[in-house]
Amino acid sequence: MLFAWITDPNAWLALGTLTLLEIVLGIDNIIFLSLVVAKLPTAQRAHARRLGLAGAMVMRLALLASIAWVTRLTNPLFTIFSQEISARDLILLLGGLFLIWKASKEIHESIEGEEEGLKTRVSSFLGAIVQIMLLDIIFSLDSVITAVGLSDHLFIMMAAVVIAVGVMMFAARSIGDFVERHPSVKMLALSFLILVGFTLILESFDIHVPKGYIYFAMFFSIAVESLNLIRNKKNPL
């Protein structure tokens, strides 16, 4: 039955684990979303966040509903130099290259200064939504495949996605506003996206990089930058 899992403690444990997994793996997605939305006119940003995340949620639910197709993404399509390449590998490779290009472009605009950046400041609303949704698929691909392995209940997996996206919607604006107010934090976020891009490329060649190392590096960098912000606030130049 659809709701038979409600009385199963293991099902609740799976729901909590999957929700936490989706939220943690959604951190890089929130950072990317914040940077994309920042290029839109102020009046469109909140709408873009909601639409982008809602569309991303629908895409994730569609992936979960197509479990058989998702699990086949890991089947080899062809071999290059004894390296088996699957559809998942190609998606991660293209996603990693796009992230590196996007973040590098943003860093270049920031270094060139405000006048150069203003030429490309205003982005297309539809283009921003599409970017958010496509990158969310790439970010969530591994978590969806992992979810399939952690739970047999489709409803639990979908509930975890809905809860996680709800948390992301709640946090996205605060994170985005904070990044926009502090250029040094924005540069740190862009550097993190480049790191994530390289990680996706390595993953596409079956070189596994433990996510814990990446998130530790990110949180440590944020902690150091937070101390700098506090110091500068107390002792302005």
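The backbone N, Cα and C atoms fix where each Cβ goes, and this holds for glycine too.
According to Swiss-Prot, the protein carries these features:
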type: TOPO_DOM; residues: 1-17; note: topological domain 'Periplasmic'
type: TOPO_DOM; residues: 39-50; note: topological domain 'Cytoplasmic'
type: TOPO_DOM; residues: 72-79; note: topological domain 'Periplasmic'
type: TOPO_DOM; residues: 101-124; note: topological domain 'Cytoplasmic'
type: TOPO_DOM; residues: 146-151; note: topological domain 'Periplasmic'
type: TOPO_DOM; residues: 173-186; note: topological domain 'Cytoplasmic'
type: TOPO_DOM; residues: 231-237; note: topological domain 'Cytoplasmic'
type: TRANSMEM; residues: 18-38; note: transmembrane segment
type: TRANSMEM; residues: 51-71; note: transmembrane segment
type: TRANSMEM; residues: 80-100; note: transmembrane segment
type: TRANSMEM; residues: 125-145; note: transmembrane segment
type: TRANSMEM; residues: 152-172; note: transmembrane segment
type: TRANSMEM; residues: 187-207; note: transmembrane segment
type: TRANSMEM; residues: 210-230; note: transmembrane segment
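Of the two recorded stretches, the transmembrane segment (152-172) does not lie close to the transmembrane segment (210-230), with fewer than three CB pairs under 8 Å once pairs fewer than 6 apart in sequence are set aside. The stretch from 18-38, 51-71, 80-100 that makes the most Cβ contacts under 8 Å with the transmembrane segment (187-207) is 80-100.
Sequence-remote contacts of a segment are chain residues at least 6 beyond its ends whose Cβ falls under 8 Å from one of its Cβ atoms, and for the transmembrane segment (210-230) they are 24-25, 27, 182, 184-185, 188, 192, 195-196, 199. Same-chain residues lying 6+ beyond the ends of the transmembrane segment (18-38) with a Cβ under 8 Å from its Cβ atoms: 45, 48-49, 52-53, 56, 99, 102-103, 106, 123, 128, 131-132, 135-136, 139-140, 142-143, 146-147, 150-151, 156-157, 159-161, 163-165, 167-168, 171-172, 175-176, 179-180, 186, 189-190, 192-193, 196, 211, 215, 218.
Residues of the topological domain 'Periplasmic' (72-79) grouped by DSSP class, helix first, strand second and coil last, total 1 helix, 4 strand, 3 coil. Remote same-chain residues near the topological domain 'Cytoplasmic' (173-186) are listed as 30-31, 33-35, 37-38, 45-46, 49, 110, 222, 225, 228-229 (criterion: CB distance under 8 Å, separation of at least six residues from the stretch ends).
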